[in-house]
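Report on the following structure.
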Amino acid sequence: MRLDRLTNKFQLALADAQSLALGHDNQFIEPLHLMSALLNQEGGSIRPLLTSAGINAGQLRTAIDQALSRLPQVEGTGGDVQPSSELVRVLNLCDKLAQKRGDNFISSELFVLAALESRGTLTDLLKSAGATTANITQAIEQMRGGESVNDQGAEDQRQALKKYTVDLTERAEQGKLDPVIGRDEEIRRTIQVLQRRTKNNPVLIGEPGVGKTAIVEGLAQRIINGEVPEGLKGRRVLALDMGALVAGAKYRGEFEERLKGVLNDLAKQEGNVILFIDELHTMVGAGKADGAMDAGNMLKPALARGELHCVGATTLDEYRQYIEKDAALERRFQKVFVAEPSVEDTIAILRGLKERYELHHHVQITDPAIVAAATLSHRYIADRQLPDKAIDLIDEAASSIRMQIDSKPEELDRLDRRIIQLKLEQQALMKESDEASKKRLDMLNEELDDKERQYSELEEEWKAEKASLSGTQTIKAELEQAKIAIEQARRVGDLARMSELQYGKIPELEKQLEAATQSEGKTMRLLRNKVTDAEIAEVLARWTGIPVSRMLEGEREKLLRMEQELHSRVIGQNEAVEAVSNAIRRSRAGLSDPNRPIGSFLFLGPTGVGKTELCKALANFMFDSDDAMVRIDMSEFMEKHSVSRLVGAPPGYVGYEEGGYLTEAVRRRPYSVILLDEVEKAHPDVFNILLQVLDDGRLTDGQGRTVDFRNTVVIMTSNLGSDLIQERFGELDYGRMKEMVLGVVSQNFRPEFINRIDEVVVFHPLGEQHIASIAQIQLQRLYKRLEERGYEIHISDEALKLLSANGYDPVYGARPLKRAIQQQIENPLAQQILSGELVPGKVIRLEANDDRIVAVQ
C-alpha cells in the first residue's frame, strides 16, 4: 500500500506512532501505537468519532496506554522499528474499505472500522469500550455527511464550524453573554432582513463602541428565549473566528480550503445557522495573494443565492474604505445603521449591566454612579461613543474600589510602617548602655506595644469587613446562577424546577442578601465597597485631566480667593484679573455654557503691562505649572498657507498624518489655557478658524476629527490701541478709554470675531507705584536662584526706590525693570561672587550709594 494515499492527518499519526514505538523501546509499530497517536492528535477525527458513537475516549486511551506498557521491549536495536504484520493487515483492510466507499484517499476514521473487523489486542479493547461495526459505521456516515474523501486535506476541513466559529446561542443558553437592553428597533430590522428570500444579509454599521456586536448577542438571546418569528426559531448564531481561520495557514490555498470547509458545513445546515462576521471588512482581501481569490469573493455566490445567512458588523469608515469599493459585495448586504444611544438610553443600558459588573468586581454600584457615568462621559469624552465610554468609566471605577478592598487600608499601612521604624530604633538602642538610651528604650517599648495593639485590633476589623463583603458576594453569585437556571427551566418547560426556584430558592437568597447588605452598611469603617458618582468623577479626571469631581473645601476657598492669588504675580490690572477669575468660577460651579469654551478674552494694552504674565499666572493657578498652557505666537502665522499648521495639513500634503499644532495640543490636554500671543500679527484667515472655537467650542482638524475646546480658556493678546492708552491714560475714566480702544480694534478685526469674545479687557499702563511691587516679585526670583547657591540677600528701601526709578518707563511698561535688575544688581553681584568678595553663608545687603546699588556683606 502506498503511503501517499493516506490523508495528511493519517500520515502524521503514522509518524507519531513510529516515535511512540521508539520511545517505548518496542521493535514493531503495532495498531495500538497508531490508535494511541490518533487519539492524542490535535484536531483529529477519531475523538469526535468515538464521542459520536457513544464511546468514552478517555477510558479507551487509559486501556491502550496500559496495553502499550505490557508490550515486549527490546534494547540495543539502534532505533530500528518497522510496522508489524498486524498493522500492515489493518492498513490493507483500510485500503479495501476506502475503495468500497469510492474514496481517493484513506482517512483515519477507517482505521477504527478496520481494527474492529480484524483481530488482536486493539480489537478486544475497542469492543470492550462499546464499539461495534454498526455504531462506528453510523458515526462515520454522520461525520462525512454523505461525502467521499477526494483530497489529502479532507480531514482538516471536517468540523470546520466547531474549529473556526464560536456558538453565541450556546453562550446565551449558559448565561455567559451580557444582557442587551434597548436596541429593539435595530434588532427588529436585523430580523426583518434575515427573513428575506435572497440577499438576507444585514450589515450593522456604526461608530466604534455603539454596540454593534451587542445587537447580535441580543439576537442570539432572543432566539434562545423564543422571542423571534417562526422562521428564525431554533436557529444557531455562530461568530466566525477570523484569527483561528487565518492562523497557521502556511501554504497557498490553505486559508481558502478552510473557508470552503466552513461554507460547505454551513450549506449542509440548510439555513439553520446564522453566521456572524465581526469586523466584516477583514474578509475583503483576506488570503489575497497573486492570482488567489480573497475571502470576500468566495462569500459572494453563497450570499447572493441566500444559502448563507450572514450578519456583518463594521464601522462607517471601514465600510466606506473596503466594502463600498467592491460594489458586487456591497449589494449583497443590507445596511442597518446603529446610531449612538442617547444619555437616557445609556443609563438604561448601564442599569441592565450593573449586576454583571457588581458580580465581577465584588462591589456595589450605586444609581448616582450610573447617571454620572453616562452624563459626564457624554460631556467630557468627545472622541468616543456611548455606551462604550460610560461602561468603561463604571468598569474602571469599580476596579479601583476593588483594588482598595484587596490592598491594605491606608491606616493599617501607616501603623505597619511606624512599627517597623520603632523596631529598628529598638534594635539600635538595645546595643547602648547609657541611662538616656535605657530611658528612651522603655518609652519606645511602651509606644511599640500600644501601636502593635492598635494594629492587631484594626487588622481584625479589616478581616471581618472583608469576610462580610465576600459573604454578600457568594449570595450574589448564587442568585445569578439561580436566575440562569430558571431561564433554562422555562425554555425546556420544567415547571416543577421553575416553581422550586421562583418561590423557594430565589426569595430565600434575596432575603439573605438584604440582611447581609444591611449588616454590612452598619459596620464598614475601613473599606468602601460602593461605587458612587465621586469615584466616577475621579476616574474621568484621571483620564482627561478635567476636574469634574466635587470641590473640596480647600479648593472652594482657593477659587473664592482667586483674585488675591493672581494679584501676587500681576500688579494692578484689577479688571483683567476679575474677568478671568469670574470665568473660572462660573465653570467650576457648573454655570458656564457647556457648548462654549470656559472663557474667551482679548487682552489689549501697551507692551510690558502683564498680559502674558496673567496667562502664566492663570495656568499656574489651575495646574500648578506655568508650562501647562498652549502658547502660540501668532507672528508665526503671518502667511496665508501657515494657517494649515494650526489644524493640520489637508489630505495629499506632506505632514497630513502629523495633525495640527493647536488641535493636537488640545486633544492631548483638553483642559488647558490657550494663549494666542500678538494676535493682530496673524493672517486674517486665522480668525476664520477661531470663529468655531469661540462660538461652539469645537474645531475639525485636517483628518476630520472634531477637537473639543469646551474645557479651555482662550486668551488673545494684542497691542492695538496701546498708543491711545498711553496718551489718554489719566485724562479719561476706564469706560471711556475702553470705548476708544474698541474703536481701533473694530477697524482691524471683523465684527463677527469681536462679537464671539466673552470680554475685551483693556490693561492700564503701569504707574510708578506699581513698579516697586513688580520689582519685589522680580527680585524674589533672583533671591531663589542665589539661595540655591547658599547666599541670602536683602534690599534696602532706598535701593528698591532707586531700582524702581531706573526701571520705570511709561512706554515700555515693566520690561525695562528686568534690564535694570540685570545691569544694576546681577552684573556687579556676578563679579563679586567670582572674585570671592561675597562668600556663601553670610547675608548680602543691597544698599543705595548715590545713583548706584552696591552689595555689602
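Using N, Cα and C of the backbone, Cβ positions are placed for all residues, glycine too.
What Swiss-Prot records for GLY206, GLU207, PRO208, GLY209, VAL210, GLY211, LYS212, THR213 is ATP 1 binding site, and it gives similarity to another entry as the kind of evidence. The feature ATP 2 binding site is assigned by Swiss-Prot to GLY605, PRO606, THR607, GLY608, VAL609, GLY610, LYS611, THR612, with similarity to another entry given as support. Annotation comment: Swiss-Prot describes 391-525 as coiled coil. Annotation source Swiss-Prot lists domain 'Clp R' at 3-146. Annotation source Swiss-Prot lists region 'Repeat 1' at 6-71, citing sequence analysis. Feature annotation from Swiss-Prot assigns region 'Repeat 2' to 83-146; the stated evidence is sequence analysis. Annotation comment: Swiss-Prot describes 159-340 as region 'NBD1'. Swiss-Prot lists 341-545 with the feature region 'Linker', giving similarity to another entry as the kind of evidence. Taken from Swiss-Prot, the feature region 'NBD2' applies to 555-765. The region 'C-terminal' feature in Swiss-Prot is assigned to 766-857; the stated evidence is similarity to another entry.
Least packed by the Cβ count within 10 Å, out of the binding-site residues VAL210, VAL609, is VAL210. Across the binding-site residues listed here (PRO208, PRO606), the residue whose Cβ sits among the most other Cβ atoms within 10 Å is PRO606.
Summary of the ATP 1 site environment: with the site residues GLY206, GLU207, PRO208, GLY209, VAL210, GLY211, LYS212, THR213 set aside, the chain residues having Cβ atoms within 8 Å of the Cβ mean position are THR315, VAL338, GLU340, GLN385, ASP388. Listed in chain order, the residues near the ATP 2 site other than GLY605, PRO606, THR607, GLY608, VAL609, GLY610, LYS611, THR612 are PHE603, GLU613, THR717, PHE763, GLY813, ALA814, each with its Cβ within 8 Å of the site Cβ centroid.
Ranking the binding-site residues LYS212, LYS611 by how many Cβ atoms sit within 10 Å of each one's Cβ puts LYS611 at the top. When the Cα atoms are compared, THR213 (ATP 1 binding site) and PRO606 (ATP 2 binding site) turn out to be 60 Å apart.
You'll find the Cα of GLY610 (ATP 2 binding site) roughly 47 Å from the Cα of GLY209 (ATP 1 binding site).
Contacts between the region 'Linker' (341-545) and the region 'NBD2' (555-765): present, as 3 or more C-beta pairs lie under 8 angstroms, all at sequence separation of six or more. Reduced to three states, the DSSP call for PRO208 (ATP 1 binding site) is coil. If you compare Cα positions, GLY206 (ATP 1 binding site) sits closest to LYS611 out of the binding-site residues PRO606, THR607, LYS611.
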